[in-house]
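Residues or ranges marked as domain 'Orn/DAP/Arg decarboxylase 2 C-terminal' in TrEMBL: 40-386. What TrEMBL records for 45-281 is domain 'Orn/DAP/Arg decarboxylase 2 N-terminal'. As annotated by TrEMBL, N6-(pyridoxal phosphate)lysine applies to 69. Annotated active site, proton donor per TrEMBL: 359, in sequence order.
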Ligand SMILES: Cc1ncc(COP(=O)(O)O)c(C=O)c1O
């Protein structure tokens, strides 16, 4: 404790009675005794486990292939590999990363419809067969560079209500599928199924219904042309936290009966998905420090009356849109902090804005919010920061990425091991045990040492 655990190879055990919030407090306390108040993350790997249990209970027919692009931290990938998920890789580097953990190639889908030739060759040489396509040119490349490809045709969806649209770039309309499938047949390729993505941050469950129905049409065409269509990939789009506009269970309530209608359990079709955000968003809490502050007084206001709202405050913190908050630009995220210190309910609040540390005017995290008068050195806490944040952050202007602290409770860890060795979900009573860990009250006195640093478990065993 007190040592920065910046590596992604380790996590700390959370001792009984403590939660991720306690670790946030502990780290804040540790750095507050110095001027080194760098931004940091706390990631609760138990939350990733919780999500997996939630997924398997709600969608028992669908094997998740985690979308590595969303957050490629080794600790998350190792946890998921131990839990037996598959992986959606977008590139050679992601394939390399996942295979370095001992993941079997059959558990990887190369889910990028437009691939560089050398990377198709890499997949071929490393046994990765499943890959998506949505054009004739891609089929020709695969025919040339991959002897055993198992191709999955990506179809377009109505993603007009998604936060991040993807069908503007990828996916074939159903009416163009026959021509492509005929071409694949002529080239001697093996098409095994259909994939789609309803757009990331889906807000309309009907998008899944239409896409699954469309996939059924394309399955029928493929079967008619002599392909053995037996893989349906329903992509991502699932929410990562419970404050999302559309709840996970609202989506699963729609998906399950739709699958039953178009791909009944006895149809021998394997169903997979590519969730990204769902698994990691809520596991990560980002804590930033106020490094500068500017008070703008309203010129018309009475100076005597400074305690009224006649001033606005600009706060500058040590992570911004070129770092973790790139999600504001790329992922259309709306980030709002919580205050770390307890405040008096009657404390005066001022219209405030929050800015990142770089010299760019674009580097703004919150345009307007209401905050009490905070000081340089105070902390702000941003929850649900695990998806599309660290994965795409830069060190622009020389600002280093925040340290990452990984934690897991002992019951959660035991559960991971059990799932890993027996392939079984814990009984409902046990999963409530590790879920409860996150909701314990703050202790009055924080013990000096609550975390025991241990090496992350090995995943050399082939993952089943
Ligand atoms: C092909 C593909 N699959 C899966 C995902 C993950 O989507 P989400 O984070 O919405 O689950 C993405 C995100 O861009 C994607 O492009």
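Just so you know, the numbers here start at 1 and follow the chain as drawn.
Here the Cβ of each residue, glycine as well, is placed from N, Cα and C on the backbone.
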So which of the recorded positions is most packed in, judged by how many other Cβ atoms lie within 10 Å of its Cβ, out of 69, 359?
-> 69
Measuring Cα to Cα, tell me the gap between the residue listed as 'active site, proton donor' and the residue listed as 'N6-(pyridoxal phosphate)lysine' in whole angstrom.
-> 28
Rounded mean pLDDT for the residues that make up the domain 'Orn/DAP/Arg decarboxylase 2 C-terminal' (40-386) | 95
